[in-house]
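I have placed the structure first, in the form of structure tokens, so that the comments after it can refer back to it.
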Amino acid sequence: MGRRRWGYALSLLIILPGIVALILNSAAGRGALDWGIDFTGGNFFQWQLQQPFEVGDVRQIVDRFAIGQSVIQKSGQEVLVRTRPLPAGTKQALLDAMRTRFGSVTVLREDEVGPKIGRELRTIALVAVIVGLALQVIYIAIRFKSIRYAVAADVALLHDLLVVTGVFALTRKEVNSSFVAVLLTVVGYSINDTIVIFDRIRENLAQRTREPFDRLVNRSILEALVRSINTALTTILAIAAVYLFGGSTIHDFAFGLMVGIFTGGYSSILNASPILVDWHLWSERRRHPAAATASPVTVLPGGRRDKRG
């Protein structure tokens, strides 16, 4: 904990490029993020093909119409295609091209999502993330009987979400409904990792040792460090396999998860716990202005003070 300022600096260094990318993308008129069809509106087609096909075969035809961004998924002999809003003539021409290439093509479904609905979905997604963060604050505050733990954990969570969002802004990867799932998954993983460390801190505090608080937190982190690293590594390896062999349709989803789990693993150590230490030391300085910065443990999980000594 003596070098916790370095952890803050590293986190800021990681976040900063993403924030700059968000600002520059917005200033360039491209949009801070590359919003996908889910949030901008577009067309949805579900066709059944009689001939065997691959996603790449369908994409060649779709790209021929200069549609731009599109999502193509295969399910047995059915193919699902999502595109930007298309004129009626282009939709019919696309269907004709599919029939020319694959013969019989049965239209199972054809829908259109307007820009207004896309904006509403974007708002709903943002509200879902905010509500999730708020519920985390309430849960942790109740569980640890202190708002300090809740605020420290949520600051670390915000860091993780900013990193993932910034990486998507830098790489211009599509932001769709899967991106929201990535954010919520990262929130769940990060908060679980943080709670493991906080639980160890609480257990050590319950022993009522006279160890300085910053050293106690440092010892608690070391006790949980191997578990945190092993969990992060095994999870990232599993997701890396999905990224490599799962197909192009889930590349961005797996990529976002790998970034989020990596940041969630280190933010619990370099952000959440140091914030807890700094808050404690600041509180002690307010109570005892002449006390040393590394004061003995005085705050127990419920906010009680150890009167010994």
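The backbone N, Cα and C atoms fix where each Cβ goes, glycine too.
The domain 'Protein export membrane protein SecD/SecF C-terminal' annotation in TrEMBL covers 100-280. The transmembrane segment annotation in TrEMBL covers 7-28, 123-142, 149-171, 177-198, 224-247, 253-277.
Of the candidate ranges 123-142, 149-171, 177-198, 253-277, 149-171 has the most C-beta pairs within less than 8 angstroms of the transmembrane segment (7-28).
Same-chain residues lying 6+ beyond the ends of the transmembrane segment (253-277) with a Cβ under 8 Å from its Cβ atoms: 1, 4, 7-8, 10-11, 14, 148-149, 151-153, 155-157, 159-160, 163-164, 167-168, 173, 178-179, 181-183, 185-186, 189-190, 193-194, 196-198, 201, 213-214, 217, 220-221, 225, 228-229, 231-232, 235-236, 239-240, 242-243, 246.
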